[in-house]
Amino acid sequence: MSSRGPRPTPRRCRRRPPRPSCCCCCCRRSHLDEDTGRFVLLAALIGLYLVAGAGVFSALESPGEAAARARWGATLRNFSAAHGVAEPELRALLRHYEAALAAGVRADALRPRWDFPGAFYFVGTVVSTIGFGMTTPATVGGKAFLIAYGLFGCAGTILFFNLFLERIISLLAFLMRACRERQLRRSGLLAAPCRPGADGLAGWKPSVYHVLLILGLFAVLLSCCASAMYTSVEGWDYVDSLYFCFVTFSTIGFGDLVSSQHAAYRNQGLYRLGNFLFILLGVCCIYSLFNVISILIKQVLNWMLRKLSCRCCARCCPGPGAPLARRNAITPGSRLRRRLAALGALPAVRDADADGRRLSGELISMRDLTASNKVSLALLQKQLSETANGYPRGACANARQNGFSGGVGALGIMNNRLAETSASCR
């Protein structure tokens, strides 16, 4: 007999149920790489936008260019035959004139380019990044000084534009809050404050669309007034004046039309002051408008990424009984879904203020806006450090990946002011 005891009953190894072969890994990877996907998608859309714009401008401007070349060739041949000048010698003279034109010499009598008013106009176009190109330094010393001067001047002016952006957003939010509060008090929906200084609309946030509308209307009004001045003083067509205002205010600065270039004007001092103020206000206003539009463009990219992402995963596509996710700023169909939810046909949409977060398309409240109004270089350095070293530990994954949780410079300012969120943290 064997002294061994009974063998232990072998335990059956329970196999874990196989994980669904859905594209959860793909979805998780897409969530982690959402910033990269947004960047690639935006680059592709910009490429398509450039191709479409090139096609339109080529179709519009190419026939005129061909006709102008034909007229210029005929003019040169007629002049050469009429005056007995060989065409190569005439072209050599024209090349000398082009060199003189680059140095600031014009056929018509214009004011000097490098006196103090002309030099002040030039440095203004440098630091504002307009760069008309009608005046350029010709000496080696001037070109070397321009590099160092433009480096610090452009950086300081961009900081000024960012600070202007903060102030204009704060002012618009304050005015819209005051109008909203007055409207509610007149309709009896808002009681009088129980104590002086109480905030009756502590959680109210003005819409980003209202900010966009106000900035757009102000930019149009400013451009129309400036165009009227340029039409009467410079003698341009009104459409050309509007074109000059957009090219200048957006800091494109082609240089085909440049203001304040004649030797003398009627009320010259007043005109130059008005020209300076219009350009300063126009550049600041269009800069702010571009940043608000960029917020909406980024929301569109977020919506497109969600549409292009994997739809097999339950996290990406909740069932019919799951609550609706927080709507995006411009998500198509959001109003229809909210109406159906109000009628009981769909589950109710969660309130944004119930969990302390805001709907996209809303600004932060005035209390938060006043508390975060002081933005300094230290905050910008912190944002740059976090961007370079990765996001802070413990941050919500989706908070890192929605389009409005980070950014530096103007985009960071707009993120702090508009406080956009596209979905709740999971």
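Each Cβ is built from the backbone N, Cα and C atoms, and glycine gets one as well.
In TrEMBL, annotation is done automatically, which means it is predicted and not curated.
Taken from TrEMBL, the feature domain 'Potassium channel' applies to 111-168 (among others).
Secondary structure of the domain 'Potassium channel' (219-297) per DSSP, as helix, strand and coil residue counts: 58 helix, 1 strand, 20 coil. The domain 'Potassium channel' annotation in TrEMBL covers 219-297 (among others).
Outside the transmembrane segment (39-60) by six or more residues, the chain places 297, 301, 304-305, 308 with a CB less than 8 A from a CB of the stretch. Annotation source TrEMBL lists transmembrane segment at 39-60 (among others).
Positions annotated as transmembrane segment by TrEMBL: 119-140 (among others).
The transmembrane segment annotation in TrEMBL covers 146-176 (among others).
As annotated by TrEMBL, transmembrane segment applies to 208-229 (among others).
The feature transmembrane segment is assigned by TrEMBL to 241-258 (among others).
Annotated transmembrane segment per TrEMBL: 270-290 (among others), in sequence order.
By the Cβ criterion (distance under 8 Å, sequence gap of 6 or more), the transmembrane segment (241-258) is counted as touching the transmembrane segment (119-140), at least 3 such pairs being found. Over the domain 'Potassium channel' (219-297), the average per-residue pLDDT in this prediction is 93.
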